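Input: a single structure, listed below in structure tokens.
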Amino acid sequence: MSGDHSHNDDRIDCGSRVNDSHKHKDKYKDKEHKHKDHKKDKEREKSKHGSSDHKDSSDKKHRDKEREKMKHKDGSTDKHKHKDKEKRKEEKMKSIDGKIKKEKENGFASPPHMKSEPEDDFYHSPKHEKSLKRERDDDNDSEFKPKKIKTENDKKAKKRKQQDDDDEDIKPKKTKNKKGEVTDGKKKGKKEPEEKWKWWEEERYTDGSKWRFLEHKGPVFAPPYEPVPSNVKFYYDGKHMRLSPQAEEVATFFAKMLDHDYTTKDIFRKNFFKDWRKEMTSEEKATITDLKKCNFAEMNEYFKAQSEARKAMSKEEKLKIKEENERILQEYGFCIMDNHKERIANFRIEPPGLFRGRGDHPKMGMLKRRIRPEDIIINCSKDSKHPKPPPGTKWKEVRHDNKVTWLVSWTENIQGSIKYIMLNPSSRIKGEKDWQKYETARRLKSCVDRLRAQYRDDWKSKEMRIRQRAVALYFIDKLALRAGNEKEEGETADTVGCCSLRVEHIKLYPEKDGQEYVVEFDFLGKDSIRYYNKVPVEKRVYKNLQLFMENKEPDDDLFDRLNTSILNKHLQELMDGLTAKVFRTYNASITLQQQLKELTSPDENIPAKILSYNRANRAVAILCNHQRAPPKTFEKSMQNLQTKIDAKKDQLSDARRELKSAKADAKVRRDEKSKKAVETKKKAVQRIEEQLMKLEVQATDREENKQIALGTSKLNYLDPRISVAWCKKWGIPIEKIYNKTQREKFAWAIDMADEDFEF
DNA sequence: TACCGTACTTAGAAAAACGTAT
DNA sequence: ATACGTTTTTCTAAGTACGGTA
């Protein structure tokens, strides 16, 4: 039920947004084919057109739908071709953002800047400046050194140092020992207060390399298939049928999902059945010709029973499993990268199963095949102990590419894309990048006014492509839309972002709900999450949209002369390191900061402040359209809360009644005792009222959060230093905001931001 | 400049772990 | 102890972006 996103049905409005993607999907489903054909048309058309229109039409594949339109477009474009060039030059000139091209070449768009970036100095307190500058030679090593590999590691370290020294043009310096305070740190699960490595106080590589030394144990493979016991039967057309192990394994994948909505979907069933048949013996293939006649019920029950049994295991058994998992984690869950032991994010190879694409995915149900050592590419340093493939097997390849961060990769069979094993977010390599991301966003902050002025100006451009670019950018900025790369037709669900919006995704209203020039957005974005929003826009934008939509079919691209690559190229010229997604980061972070300022009341207590924080967080989540399916238990927990509220209400009216009668009583008796009784009852009423209010606030809060996911923005869009600074400023323990994992990921921010950090 | 492959970030669901009430 | 609800962790799909190539 979740994978198919039909739950979107129930998603409610966030503000003016309504969620209802299921209906939408249906809508799009109808269109799918049409759209497809259409694109083909476009393609065909494209090749027909000669060089004269290459400028326009080749910009974007599947653009030009009708020749008529083409003429229209071409006309305007050709006319302004040279102008265009001029403009570009101008733009280039303008972009004297003092950026260092060199860094770009290095693949470090901005982080290494730390040093050279004026903004940094500007924003950081002196204390931090220091760390930013990375007093490099500060002999500071010490950290981890797990006992086991200690010596070996030391050797390696030396080796590495040596290397570095030999490499002239490699700046990064290696960690050395600071003050000789050798921590005996081990990850060994022991509670030893391991000295944390502050990678953020060290220099970064500026040559585009990601590491000097990398050693790991390779991936953990999925456990081999265990056939179901023979008493667990599969029936075809009512008759028991014994399946070959291969066919049986795939059957179990389906059987396990019987309760899932996926198995009711035609595409899923069709894809599954097709792939399942490929695994069958010829006899099986001959017999099993109709999925509807397959009865997996016993298998399904068996797996349910298994998981019940697992739950019911004794403490000891559970502990045993836990320990075994811990062992595997210790062995495979870490790697050594440049002197430090770092946690690997996903060291387990994805097990085989049925592909669970999101939304209306054309490939859902396909068999995701088992990954074998022969599929695996290992990446590690030459001078490391290479991981060993399981006995009797070989790796596909072992390479030593320090320009990338992954340790293991393989090609997945559904989309043919590459999957990677990489490090944990707490690792240096991820952390640096994350930090860098926020620094880029902060640089945008310092020039966003200029940029906004520019795109507003471009709304008036004589060139269509510039207007489109400017309007798209406006959407990205104002609405935090994603860039919207084009996607391969038929390979994925039909979802869009800004540049790939189609005419059918917006509606224009000259006047709506008392507002002028309203644009109604309604489309499926990433993960087929519906984006629905009504926004009043500037008249010029409105007029431009009308122009863009002229003579187009609903399934034509709105921005037919724009794609993400054009847009990003433009952005790059405006600011070094600027891409469409930086706007999301920037707008998310700046919104948090501003909302925190607005919502935090100094004299409120901690819970109230935290509520404010969550509200600020929620504002960002709404901006970024981060939704979730209402938790399964939502209704129930809401009900429970409501029961509590009702009970409270009853209690309150009881208390009130008592108060009333006490008052009456007092009136009659007119003695001290009864007066006191009245006071007591009054107090009781007040207390209960308060409690009731609290509960109601809690309910509101929960309700507000029903389909809003705060996690994504917290983890990916909000500069953690804003939160850290806020906590410090108001004396809120950081644990109230970030859990353990989050604190690990944001260790750099927690360490470096003080209360006056400004994004 | 379209196109493709690659690398890496972002995303919500599902599973597992945890805490608490019964 | 068990059931139950909540929080955290895991999982992997789905994006963005970019560079090389023809």
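The backbone N, Cα and C atoms fix where each Cβ goes, glycine too.
According to TrEMBL, the region 'Disordered' annotation covers A:1-193 (among others).
Per TrEMBL, compositional bias 'Basic and acidic residues' is recorded for A:1-31 (among others).
Marked as compositional bias 'Basic and acidic residues' by TrEMBL: A:40-78 (among others).
Taken from TrEMBL, the feature compositional bias 'Basic and acidic residues' applies to A:87-106 (among others).
According to TrEMBL, the compositional bias 'Basic and acidic residues' annotation covers A:114-155 (among others).
For A:178-193 (among others), the entry in TrEMBL reads compositional bias 'Basic and acidic residues'.
The domain 'DNA topoisomerase I eukaryotic-type' annotation in TrEMBL covers A:354-731.
For A:659-678 (among others), the entry in TrEMBL reads region 'Disordered'. Across the region 'Disordered' (A:659-678), DSSP classifies residues as 18 helix, 0 strand, 2 coil.
Positions annotated as active site, O-(3'-phospho-DNA)-tyrosine intermediate by TrEMBL: A:Y717. Of all Cβ atoms in the shown protein chains, 25 besides its own fall within 10 Å of the Cβ of A:Y717 (active site, O-(3'-phospho-DNA)-tyrosine intermediate). When secondary structure is read from DSSP and collapsed to three states, A:Y717 (active site, O-(3'-phospho-DNA)-tyrosine intermediate) falls in the coil class.
Each residue in the domain 'DNA topoisomerase I eukaryotic-type' (A:354-731) has a pLDDT score, and their mean in this model is 93.
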